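Q: Got these off TrEMBL a minute ago, pasting:
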| type | residues | note |
| --- | --- | --- |
| DNA_BIND | 130-229 | DNA-binding region |
| DOMAIN | 5-118 | domain 'Response regulatory' |
| DOMAIN | 130-229 | domain 'OmpR/PhoB-type' |
| MOD_RES | Asp54 | 4-aspartylphosphate |
Amino acid sequence: MKKVQVLVVDDEWNMRNLLRIYLAKNGFEVTEAKNGNEAVALSTQQSFDLIILDIMMPDMDGWEVCRKIREKKDTPIIMLTARNETKDKVKGLQIGADDYLVKPFEPEELLARVFALLRRASITEMIPARRMLVYHDLSIDPEGRQVLIQGNTVDFTPKEFDLLFSLASQPGRVFSREVLLENIWGHDFLGDIRTVDTHVKNIREKARNAGLSFNPIHTVWGVGYKFQGIDGRK
């Protein structure tokens, strides 16, 4: 049976070694990168099932590495940091990270997050073919995982795309944050429920900047969010 391939990116040898030992003990095949440039090169040359990425690194930090990887791949990414600040977590999610873990952490918690992300990635791959959604000047292609606004491709992170497609698939239906969090991130997601708000904000901003003629996601105060077509039409 093929082992799950994990890329560990950290400029500190001790941290890389600890992660390699613990992950290998649990059946993972680990590749190490000691800096951002090496990580970007490896992610281009090889296919990984998961990336564990430290934020604070010289030359190219984890934020930039995540951005570069997201330009080409949807590989699940867990970001590691010694700073327990909400703005850092929000920034990580905005640029496409899937999860965020503060050092020091218990190995069991890291492993739980790794398995949770791998399960969600596996479920996504098994979803059957779905039809293109078109609302005026907004088109969402679930097969190509592409969003077009006025005929132009607009880049969304994997989670932003999943959230937009989930809402647009059932226009007019109100989803609570809890339901969206479970549907998109999984019931075992250990992060903050505000993750949903952050992703909705990003979707709105990208859509507006791309010239979309309507606000695709409406807030239903005290409940959650719904997708609404142009002029309120479904």
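Counting begins at 1 with the first residue displayed.
Cβ coordinates are placed from backbone N, Cα and C, and glycine is handled just like the others.
TrEMBL labels come from automatic prediction, so no person has curated them.
On this model, are these features tucked inside or out on the surface, and what's nearby?
A: When other Cβ atoms within 10 Å of the Cβ of Asp54 (4-aspartylphosphate) are tallied across all protein chains shown, the result is 25.
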Q: Mind checking how the domain 'Response regulatory' (5-118) divides into helix, strand and coil residues in DSSP?
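A: DSSP composition of the domain 'Response regulatory' (5-118): 53 helix, 24 strand, 37 coil.
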Q: Taking DSSP states H, G and I as helix and E and B as strand, how many residues of the DNA-binding region (130-229) are helix, strand and coil?
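A: Across the DNA-binding region (130-229), the residues distribute as 36 helix, 24 strand, 40 coil.
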